[in-house]
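Swiss-Prot annotations:
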SIGNAL    1-28  signal peptide
DOMAIN    29-277  domain 'Zn-dependent PLC'
BINDING   Asp83, His95, His153, Asp157  Zn(2+) 3 binding site
REGION    275-282  region 'Linker'
DOMAIN    283-399  domain 'PLAT'
Amino acid sequence: MNKKKILKFICSAVLSFTLFSGYKSYAWDGKVDGTGTHALIVTQAVEILKNDVISTSPLSVKENFKILESNLKKLQRGSTYPDYDPKAYALYQDHFWDPDTDNNFTKDSKWYLAYGINETGESQLRKLFALAKDEWKKGNYEQATWLLGQGLHYFGDFHTPYHPSNVTAVDSAGHTKFETYVEGKKDSYKLHTAGANSVKEFYPTTLQNTNLDNWITEYSRGWAKKAKNMYYAHATMSHSWKDWEIAATETMHNVQIGSAGIIYRFLNEVSGTINTTENSKINEIMVVIKTANEDKAGTDHYIHFGIEAKDGKKYEWTLDNPGNDFEKNQEDSYRINLKDNKLTLQDIAKTWIRKERGAGVRDDWKPEYVKVIINSDVKYQANINEWFGDNKTFYINNK
C-alpha cells in the first residue's frame, strides 16, 4: 500500500550514514550466492547432526534428513537471502531481538524516532519455521528448505553479540568490525559435533517441550542471552583483540550447535515423532499475504484481516506495515497481538481478508495467496489469484 509515509529526518540521516559510510546493519556476513558466515553455520549444523545423532534417529527422521541434505544448496542460499531481499526493511530492523525486552532496536533505541517495527529476529524465525513445515508436509522440499534456511539466518543473527544487545552500526562501529573479524576467520570456528555427550545431554532437550511455539521462543532466548552477555563481557569496542577472539569463538560455536538443534526439531516435527501441543488461548496471529506478479496487481487501499467467533462476535484488524505494502509481487507479513484478548482456537468460526472501499479512483487488488499462522503452525491458507474490487471479502477457512 503506497501510503507515502514520510519518515522523520533522523531516520533518513541514519540511513544515509549507514549506507555511505560503508557500514552494514546485518549480522554475520553472507553472500548472495549462498556463501559466507551464515552459509558456513548452516552447513556445519547439518554436518553436526549427521555426525552426532541421525544414525540413531527414527527411520522417518533419517529419511527426511536425506531430503534436507540433498537440498543443502537451498539451505545455504536461504541462510543468506534475508540480507539481500530487495523488499526488506532498509535498516534490517527485523534482524534484531533483545531477549530481555522482546524488542528490536526500533523500540529500545533512543535515536530511532521513526515508525516502530514489531517484527523481530525471533518472530521471523517462528514464522519461517511454520512456513517451512507447511511446505515440507506438502512435499515442496526445495521451497521448505529455502524457508528453513531463512529462519536459520535470523536465528544466526541473534547469536552475534551486537544483535541481541540491540547495538546497531549507528550505535557502534564495532558492530560491523566484529562481523568482518569473524568473516575473515570463519573457517577456524568450524565444529563437526555438538560434543561427545550431546546425544544424551543436548538433543533430547530440543524435543522435551512439546509446545512448538513456546519452544522456539525460549530456546532462542537461551542462546540469545548468551550472545548478549558476551557483548558486554568481551565484544565491545573497548575490549581487546583477545577478548574479541573469545567472543567470536564462543558465539560461533554456539550458533552452529544451536542451529543443529533447530534443524533437529524441524526434522522431528515433519517426521511426526513429537506429539505437539499448543496453547488454546491465542496470543498472536501472523498473516502472510503475497500480491500477484501482474501489472496493476497492487493496491493503495486498506486491507483487513478478520475473525468471527462461534458466538457471533467479530474482530477485524487493518494490515498496515511502515512503508509500502501490497505492492506487485510482494509478500507482506503482519503480527497481530492478542495477549489481552480471550479468543481461543476453538472459538474461531470464520477467518477472512477484506479490501476496503477506497476514496476516489478505483484501485483493484489481486492477491496470490494468504496464510494464517497461529502457534507456529499454518492454520488457514488459500490460493486466491482473484481480483478484489471495492469492499470484497474472501473467506480463508481451509487448511
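Just so you know, glycine gets a Cβ as well, placed from its N, Cα and C.
Shown on the structure are the features that Swiss-Prot records.
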| residue | record | DSSP class |
| --- | --- | --- |
| Asp83 | Zn(2+) 3 binding site | helix |
| His95 | Zn(2+) 3 binding site | helix |
| His153 | Zn(2+) 3 binding site | helix |
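Residues of the same chain lying 6 or more positions beyond the ends of the region 'Linker' (275-282) and with a Cβ under 8 Å from any Cβ of it are 210-214, 269, 338, 341-346, 374-375, 377.
When the region 'Linker' (275-282) is classified with DSSP, helix, strand and coil residues number 0 helix, 2 strand, 6 coil. Taking each Cβ in turn and tallying the other Cβ atoms within 10 Å, the top scorer among the binding-site residues Asp83, Asp157 is Asp157. Sorting the domain 'PLAT' (283-399) by DSSP state (H, G, I as helix; E, B as strand; all else coil) yields 3 helix, 57 strand, 57 coil.
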